[in-house]
Amino acid sequence: MLEKIQKALTIRNSTVREMLAEALGMFILMVFGLSSVAQVVLGRGKFGEHLSINLGFGIGVTLGIHAAGGISGAHLNAAITFTHCILGNLPWSKFGAYVFGQFLGSFLAAATVFGIYYDALYDYSKGNFTVTGPTATASIFSTYPASNVSLTGGFFTEFVATMMLILGILVIHDEKNNGALQGTQALLTGMLVLGIGLGMGMNTGYAINPSRDLPPRIFTAIAGWGMDVFTSRYYWWWVPLIAPTLGCLAGVLIYKLFVDFHNQPALKNENEKEQTVVET
C-alpha cells in the first residue's frame, strides 16, 4: 500500500523536485530565523538578544542546506540563483522555479511564525501592527535600516555583506583551492552567516537575500501591517533585492580575479611539468 502511495506521489520532473527542495530548505531556514527575531522582540529582551538572532539564522541556514543540498544545491537565495545563471552553472529555464520555491518557502515560514506568535504579537502591540514606533513589529519578518542609517549607507552595507557571503561560499566549495571537507559545507555556511550577522548586522539587519526579505514583507502587508512595509524608511523594500544581487556578482568577480582565474588545472599541470624538468 505504501509503495503504491509513494509511486503515485513521486515527482519525476527534476525542475519540480528542485523547486520543492528549495521551498523546504527556505522554509526551515526562515522558521528558525524569524522565530528567533520574534522571541527577542516580543520577549522584550528576556528571551534572547542580538546573538540569539544570529544563531537562529545560522542554524536555519545549516539545516536548510542539508534539506535541499542534494537535490537543488540549496541556493536558498535568489541573488545566488541569479549569479549561477549568469555564470552558466544553472539553466535560465530553471531560474523561475528556483526563485518561486524560495519565495514560497519564505512566505509560508512568515505565516507559520505569525501563527506561533500571534497572541504575543497582539499583546505586545495591543492589536496595532506597525512598522515604526515603540511597539513596531514589522521588523520581526523583514529587514529595515536603523534610524541613523541613510539609504546609501544601508545599500552599501547590504552590498558588502552579500559580497562577503558569496566570497565565503566560493571559498568553502572551491575544490581546486582549499575547499572544506566533504560534509562540513553546510555547517561552515551557517557559521559564515553567523559571522556576517555578528559583524554587519547592526545597520540593516543583514538581509543579504531577496528571498529572505520580500516574501515576508508581502505577507506582512497582507496580514495587517499595510503598505507601510513598502513605503517606510525611504521606500527601503527595494534595497534588499538589488544590493544583494549586485553584491553577489561583485563577490564572484573578485574571487575569480584574485584566485580562480590563476588556479586552473591546466596551469597546475604546466607548473608540475616545469618542476619535473628542473628536478631532472
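Every residue, even glycine, has its Cβ placed from backbone N, Cα and C.
Features reported for this protein in TrEMBL:
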- 20-41: transmembrane segment (TRANSMEM)
- 53-74: transmembrane segment (TRANSMEM)
- 95-118: transmembrane segment (TRANSMEM)
- 151-172: transmembrane segment (TRANSMEM)
- 184-208: transmembrane segment (TRANSMEM)
- 235-258: transmembrane segment (TRANSMEM)
Stretch-level contact, the transmembrane segment (95-118) and the transmembrane segment (184-208), CB cutoff 8 A, at least 3 pairs: no
Intrachain residues whose Cβ lies under 8 Å of the transmembrane segment (235-258), provided they are six or more past its termini: 77-80, 82-83, 86-87, 142-145, 151, 154-156, 158-167, 170-171, 204, 207-210, 212-214, 217, 229
Long-range neighbours of the transmembrane segment (151-172), counting only residues six or more past its ends (CB under 8 A): 79-80, 83, 145, 178-180, 185, 188-189, 192-193, 195-196, 200, 203-204, 206-209, 233-234, 236, 239-240, 242-248, 250-252, 254-255, 260
Long-range environment of the transmembrane segment (184-208) - Cβ separation under 8 angstroms, sequence gap at least 6: 50-51, 53-55, 57-63, 65-66, 69, 74, 77, 79, 139, 142-146, 149, 153-154, 157-158, 160-162, 164-165, 168-169, 172-173, 239-240, 244, 247
